[in-house]
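In what follows, a single structure is set out as structure tokens and then discussed.
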């Protein structure tokens, strides 16, 4: 039995959001690109088939995650877009057909493509003023990154001064910082001798190195850099570059290292030959590459095609197939998450896979184990495609040892021994004991997280200590902790205890939306929590809201509405709210915020007007546009009717646009909407 669409969508979103957080915020990625790509494509397919289940916090509705705060945040002068992925030549052909259809005029016969190896490292943006390097930053979310100029100055292949006699006043260079394989091996050997944790792969090592606060460590690790694009001012003495190939040659002239294995290909047949050559040849390269970047060479065509919300239309990444490897299953264990979800894992003999040592693989759920007929002792094939960690692809039954027995999924929670429950229509078994240590542990870590109450010092290690020493039995208990109690914990001194007490006290001042998110209501992400807080300004209003009222809020679907209703029906949750209120937590928008919102809405020209949003807008997500409309006093609905005042239409607007025109409803593009909202 496969997962029901709502359940699978929730799983996919959760997995992708965790991976994006680790990649963009922590710079500590644990998911290979091939894994993320496959998950993302499955999510897109499910949301296309079930558009009513799309939520505002879905990874498909956003560009990226926010940068970390340990370094100074900087806004990129020109956004760093992601690349669309193709996983076979059929998808590459479809991409070519799309951009050809998008060009209204005649396609030049000599347009051609530039093929470059996709380096598995960290994207970097460099800014030069009058030829001098003044800023270097990570990609971040594509709009905002982290300034790491001092660290980038240590990379010998990044020139501090451009090799030009009369440089332009401003030059933006983009490229990839990476760690050569030989250097990576030496670093890990040194870390092993020092008793330090080993880097999982060169990509992780490069990301971690760039975020070192001590640039001397960065210099010692000898990162490398390939430049792959640049942006020049249109005025002054800037050279007129007409193609990607010319840009790469000019980058070389300025003193940058560009990948020598690039190639100018006249057509997709040549692109295919290039890809196949390097699919085999990459194994001999001194660095890791996970695919080929294919770009239209002609800059005029690039300018005409432009960008989608996330990708340039004139470029695509053709990815290598995910790697597979055989290994032996030593054990099957189950983990319990903060929502009580029980996930089986295969513990395996260590095996190298795409530069990573793999010892565990997800088995998803009980049904997947039965489908595979997986048994302890089996030889299996695992791959890096489809989950946060590797998955078991198939069992090599012919290699099965004698006397193996089918695996019996546990009927009771391994953490608290409560009976597991598998809700009808769901593939995941759950522990429903709110006092389960695993659920409590996950709930506390979530509550203290950066996007929730942001309690500095209350990470997983300290949470485990608090639970093991019997100091907390619920989230609310942290507000009763004393400095003396904390100092009784291992490695918790007086200063650390005082800092944690202060951080816990400060969390009482966090806004209502953060508190809602911190409660960990199933399916309620950060964006959903903000929507709920805006539409139900007090917890009392939210608790009294019916399923229909919740579902009627733009951005809150059936699944979220039912989850909120169910959560408030649980006695233990009501007791938790009561304790948190007694502790002084905020369960309402401030009166000032409510008053300002009401005044703004009442005075605006769109107050009381009804909007429908459809298609892909150039810069705003639909949820962002909806929130701007509601903030000005307008209403947003999901369907077009005679009561609709405005239809906001982006690309691929579809049937809603047709119906609006039939009814004579006024159409707005994004710019017109923003003008109306002023």
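For all residues, glycine too, the Cβ spot is worked out from N, Cα and C.
In the three-state DSSP scheme, residue 118 (active site, N6-AMP-lysine intermediate) falls into the strand class. For residue 118 (active site, N6-AMP-lysine intermediate), the number of other Cβ atoms no farther than 10 Å from its own Cβ, over all displayed protein chains, is 24. The active site, N6-AMP-lysine intermediate annotation in Swiss-Prot covers 118.
Residue 295 (NAD(+) binding site) is surrounded by 22 other CB atoms, counting those within 10 A of its CB over all protein chains shown. Feature annotation from Swiss-Prot assigns NAD(+) binding site to 33, 34, 35, 36, 37, 82, 83, 116, 139, 176, 295, 319; the stated evidence is sequence analysis.
There are 21 other Cβ atoms within 10 Å of the Cβ belonging to residue 436 (Zn(2+) binding site). Positions annotated as Zn(2+) binding site by Swiss-Prot, on the basis of sequence analysis: 413, 416, 431, 436.
Feature annotation from Swiss-Prot assigns domain 'BRCT' to 601-678; the stated evidence is sequence analysis. Confidence for the domain 'BRCT' (601-678), expressed as mean pLDDT, is 83.
Taking CA atoms as the reference points, residue 37 (NAD(+) binding site) and residue 416 (Zn(2+) binding site) are 36 Å apart. Residue counts for the domain 'BRCT' (601-678) under DSSP, split into helix (H, G, I), strand (E, B) and coil, are 29 helix, 17 strand, 32 coil. Distance from the CA of residue 83 (NAD(+) binding site) to the CA of residue 431 (Zn(2+) binding site) is 40 Å. Looking only at the binding-site residues 83, 413, 416, the densest Cβ neighbourhood within 10 Å occurs at 413. In the three-state DSSP scheme, residue 35 (NAD(+) binding site) falls into the helix class. Around residue 431 (Zn(2+) binding site), a 10 Å sphere centred on its CB holds 25 further CB atoms from the protein chains shown. What surrounds the Zn(2+) site, by Cβ distance within 8 Å of the Cβ centroid and not counting 413, 416, 431, 436, is the set 336, 340, 412, 414, 415, 417, 418, 420, 432, 433, 437, 438, 439 from the same chain. Ranking the binding-site residues 35, 37, 139 by other CB atoms within 10 A of the CB puts 37 at the bottom.
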